[in-house]
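Novice: After the structure tokens below, expect a handful of questions from me.
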Amino acid sequence: MTNIRKKHPLIKIINHSFIDLPAPSNISSWWNFGSLLGLCLIIQILTGLFLAMHYTSDTATAFSSVAHICRDVNYGWLIRYMHANGASMFFICLFLHVGRGVYYGSYNMIETWNMGIILLFAVMATAFMGYVLPWGQMSFWGATVITNLLSAIPYIGTTLVEWIWGGFSVDKATLTRFFAFHFILPFIITALVLVHLLFLHETGSNNPTGLNSDADKIPFHPYYTIKDFLGVLILLMVSMILTLFFPDVLGDPDNYTPANPLNTPPHIKPEWYFLFAYAILRSIPNKLGGVLALILSILILALMPLLHTSKQRALTFRPITQTMYWILVADLFILTWIGGQPVEYPFIIIGQAASIAYFTIIVILMPIAGMIENNIMDLD
């Protein structure tokens, strides 16, 4: 068996990635989220596949086909809610995974980090298109508002929007192509995940100290397989509690009303995991400026390696930057809250202040804090 594991051309790759992989001996539970994201992706692909067997991507029947899945298909309600809440669990794991990377300076593994940013954009695009498919009120108006943002691009904007819509408004053609893209993207994401892992295994994992761990490695199996399994059990437990007891708690009641182009909902908002970016978009009165801020809110992660001024990699022994980091986390919670509020006083001004704080902390305050810490600790 050992011989096959180490010599078979295909099993050898799995062995080097998940069994005999040398891993730092001190990585904490914050390193569990990579495997949990892999599990989320598998769950989403499987539940999505079964949903696609019963779903119809036509404006006349899309809404009723989702109702049919919940009412008439065996365990259809379970598959549908596992898929919907699975997306929320996916994003919770994603945000924690990225947060861990920022805290422990994992962005210094530039190829892995940039691949992760591409993955984040791909997952966000997939989730957005998936939200359009049930063809409820929020699906339709969310699609209209977000795709319409592309019209802010000078010269080609309007043509681009109509090209994406496949007509002069969000309609049958839009729904069909969104379903096609929503189906294919997870498989592209799976391929990108393999590239992400390939880059990671070139350098090896980071660890909570931020120090080189080559002198102290342990095999991934059994130590981290059993540790990851605990994370898997917790994730599945939380997912099932959410799916079976509170299936609609993270959704929008408006999406239980069929799409109606003649009736605008009083408050258009995306799913909770996009609210922070939506708040940044809305905080700028100019359309193009808002779109740029929206893209930059995620793309700013790519600047992290350039903005790293400290001689230490992780924030473990850097109290000033740690404080900045947790203020940033609090700021993201504020932005998420504001994104779900109506556009009126005092929410407008709070959103603008939180948006300015978000970019200021990342671009100015954290790099300055790093330099101050270098001086305090005589690391120059």
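A Cβ is built for glycine as well, from the same backbone N, Cα and C atoms used for every other residue.
Got these off Swiss-Prot a minute ago, pasting:
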- HIS83, HIS182: heme b b562 binding site (BINDING)
- HIS97, HIS196: heme b b566 binding site (BINDING)
- HIS201: ubiquinone binding site (BINDING)
- 33-53: transmembrane segment (TRANSMEM)
- 77-98: transmembrane segment (TRANSMEM)
- 113-133: transmembrane segment (TRANSMEM)
- 178-198: transmembrane segment (TRANSMEM)
- 226-246: transmembrane segment (TRANSMEM)
- 288-308: transmembrane segment (TRANSMEM)
- 320-340: transmembrane segment (TRANSMEM)
- 347-367: transmembrane segment (TRANSMEM)
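Set these features in their place in the structure for me.
Specialist: Annotation for HIS182 (heme b b562 binding site): spatial neighbours GLY48, THR126, MET129, GLY130, LEU133, criterion Cβ-Cβ under 8 Å with sequence separation of six or more. According to its DSSP assignment, HIS182 (heme b b562 binding site) is helical.
DSSP gives HIS97 (heme b b566 binding site) a helix state.
In sequence order, HIS16, SER17, LEU21 are the residues near HIS201 (ubiquinone binding site), counting only same-chain partners six or more apart with C-beta under 8 A.
Only residues 6 or more beyond the boundaries of the transmembrane segment (33-53), in the same chain, are considered here, and those with a CB under 8 A from a CB of the stretch are 69, 79-80, 82-83, 86-87, 89-90, 93-94, 96-97, 100, 130, 182-183, 186-187, 189-190, 193, 228, 231-232, 235, 239.
Taking Cβ pairs closer than 8 Å, the transmembrane segment (113-133) reaches residues 48, 55, 57, 62, 66, 87, 90-91, 94, 97-98, 101, 106-107, 139-140, 142-143, 146, 174-175, 178-179, 181-182, 185-186, 188-189, 192-193, 195-196, 199, 270-271, 273-274, 298-299, 301-302, 304-305 in its own chain, all 6 or more past its ends.
If you look at the transmembrane segment (226-246), the same-chain residues 6 or more away from its ends with a CB under 8 A from one of its CBs are 29, 32-33, 35-36, 39-40, 43, 78, 81-82, 85-86, 88-89, 93.
Counting residues 6+ beyond its ends, the transmembrane segment (288-308) has Cβ neighbours under 8 Å at 98, 102, 105, 107-108, 110, 113-114, 117, 120-121, 124, 149-150, 152-154, 276-278, 280-282, 355, 358-359, 362-363, 366-367, 370 in the same chain.
Outside the transmembrane segment (320-340), and at least 6 residues removed from its termini, the chain residues within Cβ reach (under 8 Å) are 99, 102-103, 269-270, 272, 274-280, 282, 310, 347, 350-351, 354-355, 357-358, 361-362, 365-366, 369-370, 372-373.
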Novice: If I take the alpha carbons of HIS196 (heme b b566 binding site) and HIS83 (heme b b562 binding site), what is the distance between them in whole Å?
Specialist: 24
Novice: Using Cβ-Cβ distances, find the residues under 8 Å from HIS97 (heme b b566 binding site) that belong to the same chain and are at least 6 apart in sequence, listing them in sequence order.
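Specialist: In sequence order, PHE33, GLY34, LEU37, GLY116 meet the Cβ cut-off.
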